[in-house]
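Participant: Straight from TrEMBL, here's the annotation block:
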type: ACT_SITE; residues: CYS82; note: active site, nucleophile
type: ACT_SITE; residues: HIS170; note: active site
type: ACT_SITE; residues: GLU172; note: active site
type: BINDING; residues: SER224, GLY225, GLY226, VAL227, ASP228, SER229, SER230; note: ATP binding site
type: DOMAIN; residues: 197-387; note: domain 'GMPS ATP-PPase'
Amino acid sequence: MNQEMILILDFGGQYNQLIARRVREHHVYCEIMPWKKSLEEIKAKNPKGIIFTGGPNSVYDDASPKVDSALFALGVPILGICYGCQLMAYTLGGKVGHAAELSEYGKAEVAFDTTSKLLKGIGANEICWMSHTDYVTELPEGFRIIGKTPTCPAAAIECEAKGFYGVQFHPEVNHTPKGSALIKNFLFEVCGCKGDWTMTNYIEDQIKKIREQVGDGKALCALSGGVDSSVVAALVSKAIGKQLTCVFVDHGLMRKNEGDEVEQIFDGYFDSHFVRANAQERFLSKLKGVTDPEQKRKIIGAEFIRVFEDEARKIGKVDYLVQGTIYPDIIESGLGDSAVIKSHHNVGGLPSVVDFEELIEPLRLLFKDEVRQMGLELGLPEYLVYRQPFPGPGLGVRVIGEVTEDKVAILQDADAIFREEIAKAGLDRDINQYFAVITDVRSVGVMGDFRTYDYTIALRGVTTTDFMTADWARIPYEVLDKVSTRIVNEVKHVNRIVYDITSKPPATIEFE
Ligand SMILES: Nc1ncnc2c1ncn2[C@@H]1O[C@H](COP(=O)(O)OP(=O)(O)OP(=O)(O)O)[C@@H](O)[C@H]1O
Ligand SMILES: O=c1[nH]c(=O)c2[nH+]cn([C@@H]3O[C@H](COP(=O)(O)O)[C@@H](O)[C@H]3O)c2[nH]1
Ligand SMILES: NC(=O)CC[C@H](N)C(=O)O
Ligand SMILES: [Mg+2]
């Protein structure tokens with residue numbers, strides 16, 4: 001890719017993803033790189049500008065992350081944020097102090113010197129969001145102060161001649177209303193970016209790259225019908241057409257009619273081969289008698305791989321495996337110094353087992369909303385692009401206890417009614433994920449003067465942006481009432497409906 005790019009050096013701050021989002025919002029491409037990368041690797045990226053992120057450490061600790069001072073001699077503009085600002089000042093010969101009594105957390109009004117390029121169009125007094133204890137006490141040579149608060153004398157600094165800027169506050173968060181404007185100024189006024197990052201260009205670049213990589217080889221794509229794998233299949237099929245085979249594994253744990261729907265949509269949809277592997281019985285027999293959630297997940301994950309291997313063998317020699325890995329997947333798996341959040345047991349284990357030479361992951365640097373945008377540009381219909389996520393293990397983690405054909409069928413019917421009513425009420429875009437769960441609890445009911453002893457269905461609906469934390473959705477009572485009435489009337493062996501009102505944490509989104 002030869003378009004202009006900004007490099008974000010990650011020092012372990014909590015908002016690093018947000019910095020990347022803010023930069024890309026201005027149509028400038030950027031990548032996050034761990035601070036440990038060598039000067040050579042940084043130079044090889046040929047960045048138009050570098051942003052140092054915040055971080056939990058203090059620069060005067062010997063063990064804290066540092067940068068090669070030669071970085072400052074590359075002639076590339078640098079913006080340091082919080083720890084990044086302190087690190088820049090420290091490395092260039094300034095001083096950084098610690099003042100526990102002067103810690104600033106939250107909003108502060110910063111008085112700016114608006115003659116600075118970085119502050120073009122920004123007011124003389126603006127609210128900015130702070131989160132620090134250390135601060136720059138002595139500027140390096142050639143620097144001047146362009147922003148201060150009563151407690152922080154160097155809230156913003158610059159060395160215009162070299163294109164070095166530092167801010168003690170966090171311009172990337174929404175609590176700094178003019179933060180986006182400041183980042184824009186850094187990109188356009190300081191680094192001279194043009195803003196040439198568009199999804200159309202990115203798609204073209206990726207298609208070219210994939211063609212070069214694959215040559216006349218063959219590739220395989222695990223296609224679930226979910227957003228990420230659908231978009232990646234659309235992209236790769238545009239690049240290499242018939243050299244790609246998409247394999248959809250129907251494990252019998254899909255939502256009602258979903259297996260047929262996926263087949264209907266994707267068989268012949270792309271210019272590639274499509275295979276539906278009907279593996280319902282294989283999965284069910286492996287899951288017989290198993291009740292432990294982790295064991296269920298492991299069995300499903302392993303069986304996925306077996307099915308996949310079988311399909312790969314039928315196709316012959318396959319050199320490449322296409323995956324819909326997206327940026328948050330990578331960040332959550334512990335890129336740089338950010339903490340590992342959770343490794344879900346899904347089909348991520350495929351490449352180590354099946355013999356592929358290389359992975360193709362063209363979405364690995366995109367955020368979910370960018371993936372959706374790509375899907376739309378590639379012509380995928382909105383209902384596919386805006387689907388709610390559906391976990392790889394499927395209903396296997398929504399049937400509590402042993403998975404049986406009967407319980408799966410009851411759950412599919414109840415879940416279909418719930419989803420139908422949510423859509424009818426126009427709530428499907430507001431609630432980020434919603435589904436039914438069949439609990440392993442049976443209880444006594446009375447229906448038509450008879451005693452029943454049947455299952456309890458739990459409904460779950462959450463609002464979330466990142467799926468790492470979530471709140472339970474305030475679904476209107478009338479909608480819940482309708483769903484409840486319909487399920488107990490239309491689905492046999494269900495006599496009780498409950499609604500889950502826990503957030504994550506302490507609960508998780510899925511029950512298992
Ligand atoms: N039933 C399936 N058949 C084939 N591949 C699958 C199946 N379920 C999951 N996968 C593979 O596992 C990957 C991870 O699943 P994941 O649910 O995270 O992504 P997705 O289904 O593509 O998108 P979404 O997050 O919207 O559900 C998928 O991209 C796909 O490659
Ligand atoms: O592809 C997947 N494979 C899995 O094994 C898996 N487990 C949970 N999820 C989805 O991840 C999000 C967070 O789920 P939890 O709060 O239950 O951990 C929610 O969106 C879940 O649906 C999975 N996705
Ligand atoms: N948010 C940050 O980057 C904090 C930097 C440094 N640890 C401080 O306390 O000042
Ligand atoms: Mg999925």
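Using the three backbone atoms N, Cα and C, a Cβ is placed for every residue, glycine included.
Fair warning: this is a prediction, and the values are worked out from it, not measured in the lab.
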Participant: What residues, ordered by sequence, lie under 8 A Cβ-to-Cβ from HIS170 (active site) and sit at least six positions away in the same chain?
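Facilitator: Once residues fewer than 6 apart are set aside, HIS170 (active site) is near TYR15, GLY54, ILE81, CYS82, CYS128, TRP129, MET130, SER131, THR176, GLY179.
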Participant: Can you tell me the three-state DSSP label for SER230 (ATP binding site)?
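Facilitator: In three-state terms, SER230 (ATP binding site) counts as helix.
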Participant: Once SER224, GLY225, GLY226, VAL227, ASP228, SER229, SER230 are set aside, which residues in the chain still have Cβ within 8 Å of the Cβ centroid of the ATP site?
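Facilitator: For the ATP site the neighbour list reads LEU223, VAL231, ALA233, GLY324, ARG387.
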Participant: Look at the binding-site residues GLY225, GLY226 and tell me which residue has the greatest number of other C-beta atoms within 10 angstroms of its C-beta.
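Facilitator: Buried the deepest by this measure is GLY225.
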Participant: Over all shown protein chains, what is the count of other CB atoms within 10 A of the CB belonging to SER224 (ATP binding site)?
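Facilitator: There are 23 such Cβ atoms around SER224 (ATP binding site).
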Participant: Measuring Cα to Cα, how many angstrom lie between SER229 (ATP binding site) and GLU172 (active site)?
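Facilitator: Each residue's Cα considered, SER229 (ATP binding site) and GLU172 (active site) end up 30 Å apart.
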Participant: Given the recorded positions GLU172, ASP228, which one's Cβ is surrounded by the fewest other Cβ atoms within 10 Å?
Facilitator: ASP228
Participant: Distance check, please: Cα of SER224 (ATP binding site) against Cα of GLU172 (active site), rounded to an integer number of angstrom.
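Facilitator: Per the Cα atoms, SER224 (ATP binding site) and GLU172 (active site) stand 34 Å apart.
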Participant: For the domain 'GMPS ATP-PPase' (197-387), what's the mean pLDDT in this predicted model?
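Facilitator: A mean pLDDT of 86 is what the predicted model shows over the domain 'GMPS ATP-PPase' (197-387).
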Participant: Looking at the recorded positions CYS82, GLU172, GLY225, which have a C-beta within less than 6 Å of some atom in ligand 3?
Facilitator: CYS82
Participant: Report the recorded positions (CYS82, GLU172, SER224, GLY225) that meet this criterion: Cβ distance to the nearest atom of ligand 1 under 6 Å. Use sequence order and write none if nothing qualifies.
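Facilitator: SER224, by Cβ distance under 6 Å.
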Participant: Mind running the binding-site residues SER224, GLY225, GLY226 against ligand 4 and keeping the ones whose CB falls under 6 Å of it?
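Facilitator: The qualifying binding-site residues are SER224, GLY226.
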Participant: Neighbour count first, Cβ atoms within 10 Å, every protein chain included; then name which of CYS82, VAL227 tops the list of recorded positions.
Facilitator: CYS82
Participant: Quick one: pull the CA-CA distance for GLY225 (ATP binding site) versus GLU172 (active site), whole Å only.
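Facilitator: About 34 Å separates the two Cα atoms.
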